[in-house]
C-alpha cells in the first residue's frame with residue numbers, strides 16, 4: 001500500500017464510522033468536559049476507597065494489621081525510593097482503582113451527553129477483542145525487554161527491580177503477574193479516555209489522522225504534568241502511536257496491551273514505581289531518538305497486527321486492514 005492509501009484507510013477507520021450530529025454539537029462537547037470531570041472525580045474517589053479496602057483486607061487477613069499498616073509507608077514516606085513488593089502492588093492497586101474510576105465516570109457521563117454508551121468508545125464492533133490486547137502485551141513486552149537487554153549488554157547499569165521483590169522464581173513470577181494485571185487495568189483506563197472518548201470527540205471536528213495523532217499525543221503528555229520536555233516528547237510520541245493503533249485496528253484493545261507492556265517493562269526491569277515525582281533535569285537530546293523509536297515501533301506493531309495474515313487469524317480480526 002502507498003502511504004496515501006494507508007492514511008486514507010486511517011481517516012476512514014471503522015472506529016470513527018459511527019460519528020453523529022450529537023458528537024459534532026459544540027455545545028454538547030463543551031458541556032461534556034466539566035460534567036465528565038465531576039463524575040470522574042467522584043468515581044475516582046470511590047475507586048481509590050475500594051482498592052484500598054480490598055488491599056487492606058487481603059493483607060491483614062494474611063499477615064495481620066501491622067503488615068497492612070506498613071503498606072501506607074509508600075504514601076507517607078517521601079524519601080522511599082525502593083518500596084517492598086507489597087508496597088509496590090498496593091500503590092499499583094490504588095492507582096488502578098483511581099484511574100479506572102475516573103475513566104469510567106468521565107466517559108460514562110460525557111458519553112451520555114453525546115448519546116453514546118461507554119462500550120462505543122472501546123471498538124467499532126461491540127465485542128471486546130481480548131486477543132488483540134494479549135497480542136499488544138506480548139509483542140511490545142518482548143520488544144522492549146529486548147531493548148533493555150541490549151542496553152545491559154552494551155554497558156549500561158541495569159538493576160531490575162523484579163529481582164528484589166522475592167528470593168525465588170515463584171515469588172517473582174507471582175509478583176510480575178499481579179503487577180501486569182494491575183497495569184492492564186490502569187492502561188485500559190487511560191486508553192478509554194484518550195484513544196476512546198478524546199479520539200472520537202476530536203475526530204468529530206478533524207478527520208486528518210496526522211492531526212489526530214498530534215493532538216492526542218500532546219494532550220496525553222500534558223496530563224502527566226512531566227517537568228522535563230524530553231520526557232514530554234517521549235510520552236507525546238507514545239500517545240500518537242497509540243492513536244494510530246486505534247485508527248488502524250478499529251478500537252483500543254491493542255493499545256491497552258501495548259500501553260501496559262511499556263509500563264510493565266519499566267516497572268519490572270528498569271525502575272520501581274514510587275510516589276515521588278520526576279525531578280527536573282537538563283534536556284537530554286538522546287530522548288528525541290527514543291521518542292521517534294517509540295512512535296515508529298507502535299506504528300509498526302499496529303501495521304503488523306493489521307496486515308500479517310497469521311496474526312490476523314489468531315486475533316480474529318475481521319475487518320480488512322485497508323478498510
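Placed from the backbone N, Cα and C atoms, the Cβ positions cover glycine too.
Note on TrEMBL: of 65-86, 285-306, the range annotated with the feature transmembrane segment is 285-306. Tertiary proximity for the transmembrane segment (30-59) is limited to same-chain residues at least six positions away from its ends with a CB under 8 Å from its CB atoms, namely 67-68, 71, 86, 89-90, 93-94, 96-111, 113-114, 197, 201.
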